[in-house]
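Here is the structure we will look at, set down as structure tokens.
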Amino acid sequence: MSVVIVDTSCANLSSVKFAIERLGVNPVISADASVIAAAERVILPGVGTAKAAMRNLQQLDLVTTLRQLQQPVLGICLGMQLLTESSEEGNVDCLGVIPTRTIAMQTTDPQQQGQPLLYPLPHMGWNTIEVNPANPLLKNLRDPAYCYFVHSFAVATDRYTLATTRYGNTSFASMIGHGNFFGAQFHPERSGKVGATILKNFMELTDADTRA
Amino acid sequence: MLAKRIIPCLDVRDGEVVKGVQFRNHEIIGAIEPLAERYAAAGADELVFYDITASSDARVVDKSWVERIARHIDIPFTVAGGISSIDQARELLAMGADKISINSPALRDPDLINTLVEEFGQQCIVIGIDSFYDAETERYLVYQFTGDESKSQRTRWQTAEWLQEVVNRGAGEIVLNCMNQDGVRKGYDIRQLQAMRALCPVPLIASGGAGCIEHFADVFQQAQVDGALAASVFHKNTVVIGELKQALSDSGIAIRPLEPGN
């Protein structure tokens, strides 16, 4: 299995690499369009801001390559948000391969200004994802499936949602998918056995799973 | 529901895990990696590695173990100690640290906070605050260089003011270490944590004072902190993480249960 982790020159590249290695696969970290296009699996990691990450992808001349990928692609955290059409974080156009949008999380009640904030942001820590058996990335998982999150922006739930997570008085899409493109808002590389199972499922996706 | 985090803290000095009482008289607990792996397997939600000598000796943290930890454990971890530049932060994050925690260098140069946030994002910048309750003036005061008793000194900041300053500069999480309680195992400083919780819109982690399971339940239920950090009770097996999590869960506190097989 050839796995490429797109070198977005962001911080969590080695964590993702180590997590794939723990599954017995040696991934390649690359920003080379031909290497990325030829891989059987592509992982798009990301931490930082959407605006900076998109600027990096443009400077690396990878936007078109990433948009045209046919093999299974997994965006992680900011990498997932980059798969959507746009992000409110810097009001930036993203890759647009999953027709949904990334918006700022809202955990305060606008009617309750001045009240102590019950739900801090960033949304940081272990939260549950609703296990939907129809999601091929969630095979072999049982409730409650806890994953590690760190983010202040999120994708609203819609028809591209593969898993939902609740925080405070809102729910958001903790996993999304469209065709061969998949995204996880949490960090599977830091989500214990649950995360390892999700990464393993990603490696084992079949053609039928990516046609949906 | 977002789970409350149980966070063992491994104080590191010269490449070994140590623990002192009220920041003094450090005793060696053991090597870093076996302890880290043991805690991850036992159900810790996150780990903090704190190089307690780095800031006061003007050295940076010895980093070789960071990559080994990142390679072997599958839960998030934070590295703290003497990080005072973008390059140092980048190196630690590149080796696999999920977050970096800044304490004394942020007090010396508050601009460091926003510079790091702009470069790496809010999610990986933690600010540690060492706060001392001065009974004479009835004030919470921020201290620095607490890793070395001879260099430890109070700053011009009161804790509430400094907390708001670092949040305004973009800090993604606060670890509030209540110095009066540190290492004495009489419980977290609930009163102070309640006061700071009300001012803190980002995740707040309680540190200092854990002695038994009830102390964790108290701090989650009474101070609404997001996580509880502790060292000696875990190192000495006074509190076993699995039992702690079961007890907290039984009290109705949102907790990530142990994964099957652990």
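Each Cβ is built from the backbone N, Cα and C atoms, and glycine gets one as well.
There are 30 other Cβ atoms within 10 Å of the Cβ belonging to A:CYS77 (active site, nucleophile). Under the three-state DSSP scheme, A:CYS77 (active site, nucleophile) falls in the coil class. TrEMBL lists A:CYS77 with the feature active site, nucleophile.
The annotation active site is assigned in TrEMBL to A:HIS187 (among others). Cβ contacts within 10 Å of A:HIS187 (active site), excluding its own Cβ and spanning all protein chains shown: 25. Annotation note: A:HIS187 (active site) sits in a coil segment as assigned by DSSP.
According to TrEMBL, the active site annotation covers A:GLU189 (among others). Sequence-distant contacts (6 or more apart, same chain, Cβ under 8 Å) of A:GLU189 (active site) comprise A:ASN12, A:SER15, A:VAL16, A:PHE18, A:ALA19, A:ILE76, A:GLY195, A:LEU199.
Sequence annotations record features per position, and here TrEMBL assigns domain 'Glutamine amidotransferase' to A:36-203.
A separation of roughly 6 Å, to the nearest angstrom, links the Cα atoms of A:CYS77 (active site, nucleophile) and A:HIS187 (active site).
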